[in-house]
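S.K.: Following this message is one structure expressed as structure tokens.
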Amino acid sequence: MNLNSIPAFDDNYIWVLNDEAGRCLIVDPGDAEPVLNAISANNWQPEAIFLTHHHHDHVGGVKELVEKFPQIVVYGPQETQDKGTTQVVKDGETAFVLGHEFSVIATPGHTLGHICYFSKPYLFCGDTLFSGGCGRLFEGTPSQMYQSIKKLSALPDDTLVCCAHEYTLSNMKFALSILPHDLSINDYYRKVKELRAKNQITLPVILKNERQINVFLRTEDIDLINVINEETLLQQPEERFAWLRSKKDRF
């Protein structure tokens, strides 16, 4: 299996998995044009589309792709049924695509119906988890997003986190504002800054490394707890997560 990233809009990534036979899976195609160009250039045969949630920058290209390739099966949560989904999937179910089983994980928070797809080592997490951050809460609560992030953080160490946006640099600037002396965060920030200066992608990331540099995955970390306690005493990791998300919203 080969993993490919296709840039779209200002900072989106559309992920494509293809096998040796050229069959491919497309994840969150917000725009059809760059996907069609990649399909043509690589002689891919699209078999399926995965949708994580209903926002237009993730579903906008579905109609055109299905018109061009009517054999495509479009998997997605209930909230995407009017966006072109032909196979609604929910938490605990599996999608069998390209000879692989993808587990469906409910991750409410960014939207109420948001889902992720996992087949070792690939995690397609839409707008739930970003490198160095997490998605904004447009529909869900901090408690829901905390539980969603916790689920993803429990996946195997070697999981490849395939996020849908290039937000890494801004996320790491926020992380530095919270933990300015953290060595892992500083090292990763420098690496990301160099990559972005060359207009290079920072994704995918390995989950084991992400747990070290993503403050939203470190709500039980003593260094972070000490920083938060300087401002307010919060007893539960869930409360600390909400504090971080509120800070990030205003950053």
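A Cβ is built for glycine as well, from the same backbone N, Cα and C atoms used for every other residue.
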S.K.: Select one of Asp19, Asp127, Asp221, Asp223: the residue that Swiss-Prot places in the Zn(2+) 2 site alongside Asp57, His58, His165.
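M.R.: The record-listed residue among the candidates is Asp127.
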S.K.: What count of other C-beta atoms do you get within 10 angstroms of the C-beta of His55 (Zn(2+) 1 binding site), across all chains shown?
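M.R.: The answer is 21.
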S.K.: For Asp127 (Zn(2+) 1 binding site), what is the tally of other C-beta atoms lying within 10 angstroms of its C-beta?
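M.R.: Result for Asp127 (Zn(2+) 1 binding site): 26 neighbouring Cβ atoms inside 10 Å.
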